Amino acid sequence: MFTRKIDLGGALLFVALMAALPLLFRNAYLTGVLTVAVIYAIWAVSWDFMSGLTGRENFGHSLFIGAGAYTAGFLNTVWGFDGWWSIPAAMIVSSLFALIMGFPTLRLKGPYFALAMLSAAVIMQRLMLIFWEYTGGEEGINGVEPLIESQLGFYYFALAVLVGVTAVLIALARSNWGLILRAIRGDEATCQAAGLNITYYKIASLVISGAVAGAGGAMYAHYQLQVSPALFEVVTSITVITMVYVGGMASIYGPVGGAILLVLLTELLRDFGEWRLMIYSVVLILILFFLPQGFIAPLWERFKARFGRSST
């Protein structure tokens, strides 16, 4: 109970800090960077819910992100729907992609699930280019309307979505459902022998993961006001996975910090020109080498343990 209070206090402090930053600095560029960081955080927590808890790493998470973004683009620019329909529609479409892909791929053993999902994302990107007369090809879909005209307003909307999504996924991860997903990660064969329908749990978690990623994709489309096939690229998935590893896998909240940290690091290194990628890579290697369990979540757990001892 005491640790839950610390978690709640930490969450409230984080939300207050994120809400205050744009008001303190009053810088449009910083607000834009924070908005992108929050959207990446939504993608990161969605990946961690399925892949972090079950241990089945999804290298094709960009499939759900891109599907959500293109759903928003088509609905808004081609069919003329109001932008607010985009997010629920994107969640439905991306969850359907997850359902369709989950049935055949989650039965695969070893690394084959990751490779199958990666292949699906690559194929979808190629389809966006092949059917260029409908999808806009390499240029994608332009002219997507903003959900909220105010940049600051959109930032607070995105932050609210992140907080809500993270709270729901943490609640699921700490429920019996989450215990089963962690058990599957620990020993899938034993869970199956115990009578658990592990395929159902894995597919359901992938559908939830896809729906959240699709919502983030739709938000990204309405923030950037355009959609391109680049969202389906493997670099999108790898970036999200890296954020999860830096934040702390299977914690749900850790990837939020990992996403914000890496997006801000990318922007801080922008002035270093051609040295930027090398410095960024070295920092990532050092974090992953010396902190294989991640940076944010283990640090927070250590703080809770120390604070708990000092209060008794």
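Each residue, glycine too, has its Cβ placed from N, Cα and C.
Taken straight from TrEMBL:
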type     : residues : note
TRANSMEM : 7-25     : transmembrane segment
TRANSMEM : 31-50    : transmembrane segment
TRANSMEM : 62-81    : transmembrane segment
TRANSMEM : 87-106   : transmembrane segment
TRANSMEM : 113-132  : transmembrane segment
TRANSMEM : 152-173  : transmembrane segment
TRANSMEM : 203-223  : transmembrane segment
TRANSMEM : 243-265  : transmembrane segment
TRANSMEM : 277-300  : transmembrane segment
**Prompt:** Do the transmembrane segment (113-132) and the transmembrane segment (152-173) come together with 3 or more C-beta pairs under 8 Å, pairs six or more apart in sequence?
**Reply:** no
**Asked** Are the transmembrane segment (203-223) and the transmembrane segment (7-25) near each other by the rule of at least 3 C-beta pairs under 8 angstroms (pairs 6 or more apart)?
**Response** no
**Request:** Count the Cβ pairs between the transmembrane segment (87-106) and the transmembrane segment (62-81) that lie under 8 angstroms and are 6 or more residues apart in sequence, then report whether there are at least 3.
**Result:** yes
